[in-house]
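A.B. asks: Quick paste from TrEMBL:
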- 12-21: compositional bias 'Acidic residues' (COMPBIAS)
- 619-761: domain 'STAS' (DOMAIN)
- 1-23: region 'Disordered' (REGION)
- 162-178: transmembrane segment (TRANSMEM)
- 283-305: transmembrane segment (TRANSMEM)
- 348-367: transmembrane segment (TRANSMEM)
- 379-401: transmembrane segment (TRANSMEM)
- 432-451: transmembrane segment (TRANSMEM)
- 505-526: transmembrane segment (TRANSMEM)
- 532-552: transmembrane segment (TRANSMEM)
- 564-594: transmembrane segment (TRANSMEM)
Amino acid sequence: MRARHLPHSAADEEEEDDGEEHEQIRLVETPDPVAFPTMDDGKNIQTVGDLYNGKFTNSNGNHFHNGNSFTSASGQNGYPQYFSSKENNAGSFKSDLHKIFANKCKCTPLKWIIALIPILSWLPKYDWKSDLAFDMAAGFTVAVMHIPQGMAYAMLSNVEPIVGLYMAFYPVIMYSILGTSRHVSMGTFAVVCLMSGKVASERVTHYSTVPVVLTAMGNISNTTALNDTTNYSSYSTNEIVTVVSICVGVWQVIPKRNTGPCEKPEAYHASITYIHYVFESQILIGVFQLGSLSVLLSAELISGFTTGSAVHVFTSQLKNLFGIEMKRRSGIFKIPLTYWDTVLGIKAANITAVLLSCVTISLLILYNEFLKPMLNKRIPFPIPIELITIIVGTLVSRYWITSDKYGISIVNHIPTGLPDAKLPPLELVPDVLVDSLIIAVVAYAISISMAKIFASKHQYKVGPNQELLANGTSNIFGSFFGCAPISASLSRSLIQEQIGGKTQLAGLFSCSIILLVLLWLGPFFVTLPHCILSSLIIVALKGMFMQIADLPKAWKESRINGSIWLVTFLATVFLDIEYGLLIGVLITVASLLWKSNAFIITEVGQDVHSHMFVEKTSVSNMMADVNDVKILKLTGNLNFSTAETFTSEVNNILDSNLTYLQRKRSLELSSGKKLKTSAARSQQTFSASTIILDFSSVSTIDPAGLKAVREQHDKQAKQGVEILYVGCPSSVFHVMQHCKFLKYIGIQYFFPNIDYAVSYVKRKGRSIADQELIEIFPDN
């Protein structure tokens with residue numbers, strides 16, 4: 001009997017701008033379906049084509065009928081729409097390509113500008129009555145935190161403390177305009193500042209012979225009264241400014257000024273150029289929509305890296321805490337060598353600096369650990385303990401413990417006013433190319449991680465590529481005013497969120513407070529001791545050091561994740577920051593490759609209570625086999641690297657199953673019993689066995705993997721074993737179609753899920769048994 005041809009459907013998934021998926025259905029022809037009787041009536045013929053039209057009966061005998069074709073790509077409600085004819089395929093590429101570009105380009109210039117500048121979309125909708133007070137309070141509080149943190153973290157970048165305030169002003173303005181996160185606080189961040197300072201310190205001897213100082217108005221002047229060095233063969237801390245930025249700015253030139261003996265301050269020029277180059281790289285990454293590459297930086301990698309970087313930050317502050325002079329170490333094992341230098345130079349420590357450091361750290365710890373939890377219950381706003389600390393420290397150093405009398409190192413120079421915008425030269429670009437990329441990746445990964453955390457908590461969306469564009473543009477804008485690279489700060493962001501900040505307007509309010517400090521209050525902090533700023537940094541590192549607790553948790557959940565954390569941390573501490581990040585990324589990529597090549601085959605049985613098909617390994621004591629039907633679930637990627645694993649695993653399972661069937665048939669033949677009933681005859685026929693391969697968990701497949709499946713199909717066919725294929729995802733099915741695997745095997749062997757395949761096997765077995773009964777008893 002010849003079954004009728006039935007059209008099928010094909011779904012071509014297309015991703016729209018809003019992220020929603022829409023299916024485009026095409027009707028196509030399929031090979032001749034196999035005809036077989038239904039379970040209810042041997043006269044009514046039901047074909048596989050009926051299955052695709054929504055008419056089928058499951059293994060429990062329940063009828064399915066749906067007037068429409070199956071359109072589910074997952075195979076849960078129906079068979080995926082994969083089938084397409086050559087005629088349709090021949091002309092579909094151009095039309096599909098045209099539709100993709102048409103959908104992507106459905107925007108006017110105005111819409112494009114609004115999408116590029118988010119403030120144009122949310123500011124007109126701003127709720128001035130309910131949100132303004134919260135944003136003002138959050139902005140003022142964050143600005144108070146910016147002052148001590150900016151001045152302290154600027155030292156990590158080897159720049160003047162005033163630069164930290166510039167970083168809290170210029171880049172924050174730009175981020176408030178272009179950023180999509182409502183709660184992150186941009187500005188100084190310890191790890192990024194440390195990495196920038198490292199690049200500056202390593203290149204300091206290459207470009208400068210006379211130390212220079214950047215004044216507030218952008219002038220470059222000579223000085224010998226610098227923070228901690230008068231070595232004319234290397235940079236001073238104020239020369240570098242923004243050498244180690246994560247920005248990718250434009251390559252432009254700063255007009256030269258007559259600055260006396262230092263006609264061309266190469267150090268300062270090098271710093272500014274480096275910043276601009278990094279900023280420009282970030283911009284390009286954002287424009288080309290590469291922000292999703294941050295997924296390579298896993299939570300374990302970031303945790304291990306930032307914890308290791310905290311060790312570098314802590315170590316870099318030892319000289320200020322003890323008031324001693326130490327040579328600057330760089331390269332592999334610089335952390336152990338720095339501690340060795342500290343031990344050797346401890347005899348020359350400044351007792352006054354040590355006492356100030358101990359008192360400051362002790363008071364901060366006492367407040368944070370004991371007083372702060374109690375005060376938070378009674379006071380609705382946080383007490384700015386860091387700001388109070390630097391104010392008190394400045395007054396003490398000015399009127400009591402003076403620098404001239406006790407020899408402690410102080411800030412010494414804080415200009416007033418705003419710096420002029422200047423353009424950097426290009427000659428230093430080749431020297432900072434690699435380092436700028438590393439810093440850009442780290443800064444962005446930290447910023448986007450925090451942005452996603454707050455967005456998930458408050459149920460709004462952040463755009464990874466827009467965030468990258470905002471970060472890069474903010475750094476470019478800031479680099480014209482001498483800013484070092486910026487990133488999001490966890491402590492300030494948490495405060496902004498806890499105070500009740502609603503939008504990016506909180507950042508603009510914060511900038512207004514910083515502007516007042518820059519214009520009038522800056523010189524007040526001239527006598528602030530460096531040891532107090534270092535003490536603030538040390539106490540602020542507690543959160544990073546507490547991430548060590550992530551290691552046991554990660555190790556318990558996954559040995560691989562735990563190894564990523566541990567190796568990244570150790571490499572960062574003992575080798576160097578960039579080596580730690582690179583090794584962490586390489587290990588992460590290697591683990592992904594290893595996981596992607598892991599191919600698992602598990603047996604599936606039917607739950608005795610719910611009759612659902614689940615893996616035997618999950619609840620093996622409740623599983624039951626389906627009458628000589630062996631169901632195997634394939635999990636992973638079936639490609640050239642896993643094809644051999646597939647073959648060996650399937651052979652092990654099916655060969656043992658074949659041995660069982662052969663032994664069973666031998667016993668039946670030796671008994672000499674002739675089957676006289678339909679049930680007995682059906683049972684013997686059904687013992688020929690059927691193998692069901694569940695492809696629902698196979699992500700990808702390549703021609704080498706298909707070759708292994710085809711060889712297995714041929715091998716089992718010679719043994720009288722029929723193989724059925726169920727749950728093939730769209731990507732897998734398309735490869736099968738293009739490699740002509742469907743034509744070779746036959747479309748009748750493919751089913752949307754296990755339930756349909758089992759129903760097919762049972763009906764086919766009953767049909768064959770009935771036909772054989774007619775042959776045995778023709779007159780009955």
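Cβ atoms here come from the backbone N, Cα and C positions, even for glycine.
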A.B. asks: The transmembrane segment (379-401) vs the transmembrane segment (532-552): three or more C-beta pairs under 8 Å (separation of 6 or more)?
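C.D. replies: Judged by the Cβ rule, the two regions touch, with the required three close pairs present.
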A.B. asks: Considering only the recorded stretches 162-178, 348-367, 432-451, 564-594, state which has the highest number of Cβ pairs under 8 Å to the transmembrane segment (505-526).
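C.D. replies: It is 162-178 that shares the most Cβ pairs under 8 Å with the transmembrane segment (505-526).
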A.B. asks: By Cβ distance under 8 Å, which residues at least 6 away from the ends of the transmembrane segment (564-594) in the same chain are close to it?
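C.D. replies: Beyond its ends, the transmembrane segment (564-594) has Cβ neighbours at 194-195, 198, 296-298, 300-301, 303-305, 307-309, 311-312, 330-336, 435, 438, 441-442, 550-551, 554-555.
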A.B. asks: What mean pLDDT does the predicted model reach across the domain 'STAS' (619-761)?
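C.D. replies: A mean pLDDT of 74 is what the predicted model shows over the domain 'STAS' (619-761).
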